[in-house]
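My questions will all concern the structure given below.
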Amino acid sequence: MSRVSQARNLGKYFLLIDNMLVVLGFFVVFPLISIRFVDQMGWAAVMVGIALGLRQFIQQGLGIFGGAIADRFGAKPMIVTGMLMRAAGFATMGIAHEPWLLWFSCLLSGLGGTLFDPPRSALVVKLIRPQQRGRFFSLLMMQDSAGAVIGALLGSWLLQYDFRLVCATGAVLFVLCAAFNAWLLPAWKLSTVRTPVREGMTRVMRDKRFVTYVLTLAGYYMLAVQVMLMLPIMVNDVAGAPSAVKWMYAIEACLSLTLLYPIARWSEKHFRLEHRLMAGLLIMSLSMMPVGMVSGLQQLFNLICLFYIGSIIAEPARETLSASLADARARGSYMGFSRLGLAIGGAIGYIGGGWLFDLGKSAHQPELPWMMLGIIGIFTFLALGWQFSQKRAARRLLERDA
């Protein structure tokens, strides 16, 4: 086996262990934020939505800067610094009794993610061969689902005693992850050339096809982020107990572990990436619309199952499509910018979703936020379809002219 192949194989195992630590640290804390501050402390959902949206927007919106800096200086220093910063954010969250302190803790957490997330994504693109990326992203998603359940179960158990224990556990896991990267991650370059920060960012901004695709995905993310805000609140309201939230993540884990990899393997042989992304988005959108009209936990979990199936179909295709469009000369910048759709969609989804949830509750129209999210998903589906049809038309025109 050549040294390059050996490095790739070892890199896969490193990425999987690193991903598990990050997922556990994140899901111990974040799914319980809405339960802690809305249900237990009586805050308005929009206040918590602002905090979650702030974290999302900072982490993903500034990702292009984190990626461009990593292109220049390498992945290791950015990843270690970012993970320690997230640990500090979680420690601060444990003592948050005023909205401003929760917002500050989410700001710290988001800045940490800005530093470590783009270089981690770029390492996947660097180490995994193009023909293997779809399957590897599926493995990461399966791991995400299992880690989400374990993290949510651990966090729910700790929440019975003290929310500070929840946050301390998340902080410790990120400190461990920082130590793991500091000890074992080689000083790898992310790009084929050492790209100056400004040049990497400029290269991305001039790629109009990539920019349009990323911004359109904001609508997709408005739906996806509700697993952190409105769906846990809805499950808690219907069940009457925060402990039911862990079953929501258990459903995701069961579906992901049994269906994600087989669906990815089968669909990559029969369907284009864009068709898989659009099909998953359509299922997610349609499953959102009736959520506000259900009154039983079984009905709600059925819709959540449908939502997760849509995500299982869409997410590996979205990740693979984003990676395939990235320029190898500025991988960090591209993967950082690819998070901008999540920044915009996540911020609007959290803040707008929280506001619509409060509005629907006060107006005795609980279906309002869910119908709006479904409509947004349908419009995003149509916009993606138009983009992909334009790309195919341009390709056919070039082939004919040739």
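All residue numbers here begin at 1 and follow the chain in the order shown.
From the backbone N, Cα and C atoms, a Cβ is placed for every residue, glycine too.
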Do the topological domains in Swiss-Prot put F210 and S333 on a single side of the membrane?
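Yes, Swiss-Prot places F210 and S333 on the same side of the membrane.
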Swiss-Prot lists transmembrane segment for one of the ranges 76-96, 139-159; which is that range?
139-159
Flag the pair the transmembrane segment (368-388) / the transmembrane segment (277-297) as in contact if three or more Cβ pairs fall under 8 Å (sequence separation 6 or more).
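Taking Cβ pairs at least 6 residues apart, the transmembrane segment (277-297) and the transmembrane segment (368-388) are in contact, with 3 or more under 8 Å.
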By Cβ distance under 8 Å, which residues at least 6 away from the ends of the topological domain 'Periplasmic' (235-243) in the same chain are close to it?
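Contacts of the topological domain 'Periplasmic' (235-243) (Cβ under 8 Å, skipping residues fewer than 6 from its ends): 32, 35, 39-40, 156, 159, 294-297, 300, 304.
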Examine the transmembrane segment (300-320) against the transmembrane segment (340-360) and state whether at least 3 Cβ pairs sit under 8 A, considering only residue pairs 6 or more apart.
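No; fewer than 3 Cβ pairs under 8 Å.
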The topological domain 'Periplasmic' (160-164): which same-chain residues, six or more beyond its ends, come within Cβ distance under 8 Å?
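Same-chain residues near the topological domain 'Periplasmic' (160-164) but 6 or more away: 32, 36, 40, 94-95.
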